[in-house]
Amino acid sequence: MDAIILQILNGLDKGSAYALIALGLTLIFGTLGVVNFAHGALFMIGAFCAVTLNRILTLSHQVVDESRKDFLGNPLKVDVPYVNDWFGEAAGATIIDWSVPLAILFSIPVMIAIGVIMERGLIKHFYRRPHADQILVTFGLAIVLQEIIKYFYGANPIPTPAPDVFRGSFDFGVLLGFDPNVIIYPYWRLVYFAFAALIVGAVFAFLQFTTFGMVVRAGMADRETVGLLGINIDRRFTIMFGLAAAVAGLAGVMYAPINSPNYHMGMDFLVLSFVVVVVGGMGSLPGAVLAGFVLGVLESFASMNEIKSILPGIDQIIIYLVAIIILLTRPRGLMGRKGVMED
Amino acid sequence: MSKSTLTRRGVLRTGAVAGAGVALPTIFTSSAASAFTNEPTGGSVTLGFNVPQTGPYADEGADELRAFELAVEHLNGGGDGGMMNTFSSKTLDGTGILGKKVEYVTGDTQTKSDAARASAKSMIEKDGAVMISGGSSSGVAVAVQGLCQEAGVIFMAGLTHSNDTTGKDKKANGFRHFFNAYMSAAALAPVLEKMYGKDRKAYHLTADYTWGWTQQESIQAATEAMGWETVNNVLTPLAQTDFSSYIAPVLNSGADVLVLNHYGGNMVNSLTNAVQFGLRDKQVNGKNFEIVVPLYSRLMARGAGENVKGIFGSTNWHWSLQDEGSKAFVQSFGTKYGFPPSQAAHTCYVQTLLYADAVQRAGSFNPCEVGAALEGFEFDGLGNGPTLYRADDHQCFKDVLVVRGKENPESEFDLLEVVEVTPRAQVEYAPDHPMFSGGNLGSCNPGA
């Protein structure tokens, strides 16, 4: 039982990342009709926003410590962050320690700007081109973006820890009546799940309860009619692209402490997220979120030793297997709308 | 109007004669004038350095390339000479190799066997490389070693740790200076016994490819021999990034040690995930839960940050060693590039010097004569103490370092501390050891 609960928690955690990326993908597809293969790269850039802010906060000047030697035997140059000079050592250390949560604020304008530039600068030229062209150009863009990141940050993962207060694990089992230390789960992964739920809720609320959101939903349903009413739907859709980029970026920022960011991390999520979108139903926001969590949980269960002893390798194909079954039995996906990607 | 005298038979006959005439010099060049592939004829000799310049091991590849460039500089008489001054063999004098200036070409393996073979082939066939070196993956090393055997050039392996490279996949034209999975296990097990005792239950997570399999087999055999029990061994896909699903079952498996047979990004992520799940704070069977990483890389350990603190592993070489060879190399590399070299850089630098020295001693670039000069060669002064290039399998035997993640690092390079230098005798094995059986060195191929 404890193993099952642990895998459900794992699944919800993985599903959080899938759902956030798939949500952004669906927003872009639903509004602009573009299949954006660069969306994984936006997730990766979000993680590197956390790395960048950490580097900015740890910008240092060097102080020579004559009592210590470097690897060549010269007096050691010790890096002293400027924030320590400005705010004192304790406050400076706290600011650096909280660099990942602070990166949420840093990343929102950066990611919106990147999203808008991407849309206006490149993707808008492919609206009337076939989906294959859109996939090729956005995939190419993803490769360019990851090579740029690799040029500046290198190929190796960069540790980006969560604040000290979130290190360690929460004893979930005690809450459920188990013995201590039987079901423990990292604090930060719980934070990630709660954060994902908050972002998903915020996006839905924005679309549901604001005038802007109402117009966007109307545009998603019938772009032409909304345009005939004199509303500049293109401008709103551009903003939605920026918003989708911000959602992917935020997912990346908060993911940085879970796995050290590297330039390739976006590609690792991209294909899975597309499967999530297809299973959820192309263009369906609730479908993307539901499928993200369902597939995350199924993937976790499939990696249990008991399951793998019966079906070796099932953990590697479970998501694709489910996608095949869903598409055979319900081609529109779990919550797909009629007419989307059916012509 | 003139009448043409051309006939179909006439054209064919003339063509055949002309073709034979054109081909004749080539035939002589390939079989009589040249005794082996890419025999250097001018004032220079070309070496091929095949490293990952893109992909996940690009940083490691970049460090290898720095080391190769430094070695070439030293061979040609530039810089301070580095390890040439401490090398026990004194044939290298800074005038190149056999008086020929050393030049080099580079290739990008992308850490993919196909791409690595293609770039090595190009360097051999188009650039005339007489020796290929480099690599950061055993899969790549085995693939390129096979190509070099077919092409008739020497392969001086870079970072490759699988037993198979000098085991079932060994080749007469291939030579490995780097240590292997068996040696890691043989060096690590006694330290683990001393630190954690004989009564332990180990759970293995293993990267699902040649290196992971041999590493797991080696460390399991070594730890079971000292009394540990193996609870489970779970193979993880090489492309895996989030290991939480694999770590969770460890929590209540009854194991009190987790062995991560992972390297590179896999190691960074699995170790980070294991620490996040509180494994290091856990008590199982009345003992502290421990994590072991059999193969460490400083460049990769940096990615795991503070999570490596206190965790044991092994390494081929470390920049903090205080022997004269290591100090000379660190001084030379550090002065040129501003940071200490990695173990990957060290083995690539040493392999280049060893190849050059073997050519000098053989008096020829012929791979069969170079191979004969390397076989059974005993040397010292290159950072690992007295070392033997064993003739039976072309594997170097030398001291192995057991290291631990440093608790209080003084700089970004100061991540690992050497706990023990395991003597060579403790990591030696018979050439027909079961973990290395199944292959055949074969005979050397000079090509041409």
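Keep in mind that glycine also has a Cβ here, set from the backbone N, Cα and C atoms.
If you look up TrEMBL, you'll see A:16-35 (among others) marked as transmembrane segment. Panel annotation: around the transmembrane segment (A:16-35), residues 42-43, 119, 123, 126-127, 131, 134-135, 138, 192-193, 195-197, 199-200, 203, 216, 219-220, 236-237, 240-241, 243-245, 247-248, 250-251, 255, 269-270, 272-274, 276-277, 280, 282-285, 287-289, 291-293, 295-296 of the same chain, lying at least six beyond its termini, place a Cβ under 8 Å from a Cβ of the stretch.
Feature annotation from TrEMBL assigns transmembrane segment to A:42-64 (among others).
Sequence annotations record features per position, and here TrEMBL assigns transmembrane segment to A:102-123 (among others). With a cut-off of 8 Å between Cβ atoms, the residues of this chain six or more beyond the transmembrane segment (A:102-123) that come close are 32, 34, 36, 38, 42, 45-46, 49-50, 52-54, 57, 95, 134, 137-138, 141, 238-239, 241-246, 248-250, 252-254, 256.
The transmembrane segment annotation in TrEMBL covers A:190-216 (among others).
Summarising the annotation, TrEMBL assigns transmembrane segment to A:237-258 (among others). Residues 16-17, 20-21, 23-25, 27-28, 31-32, 39, 42-51, 100, 103-104, 107-108, 110-116, 118-120, 123-124, 160-162, 166, 188-189, 191-192, 195-196, 199, 203, 206, 212, 216, 219, 265-266 of the same chain, all 6+ positions outside the transmembrane segment (A:237-258), place their C-beta atoms under 8 angstroms from a C-beta of that stretch.
Annotation comment: TrEMBL describes A:270-298 (among others) as transmembrane segment.
The transmembrane segment feature in TrEMBL is assigned to A:310-328 (among others).
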Quickly jot the same-chain residues contacting the transmembrane segment (A:310-328) by Cβ under 8 Å, restricted to those at least six beyond its ends, or write none.
272, 275, 278-279, 295, 298-299, 302-303, 334
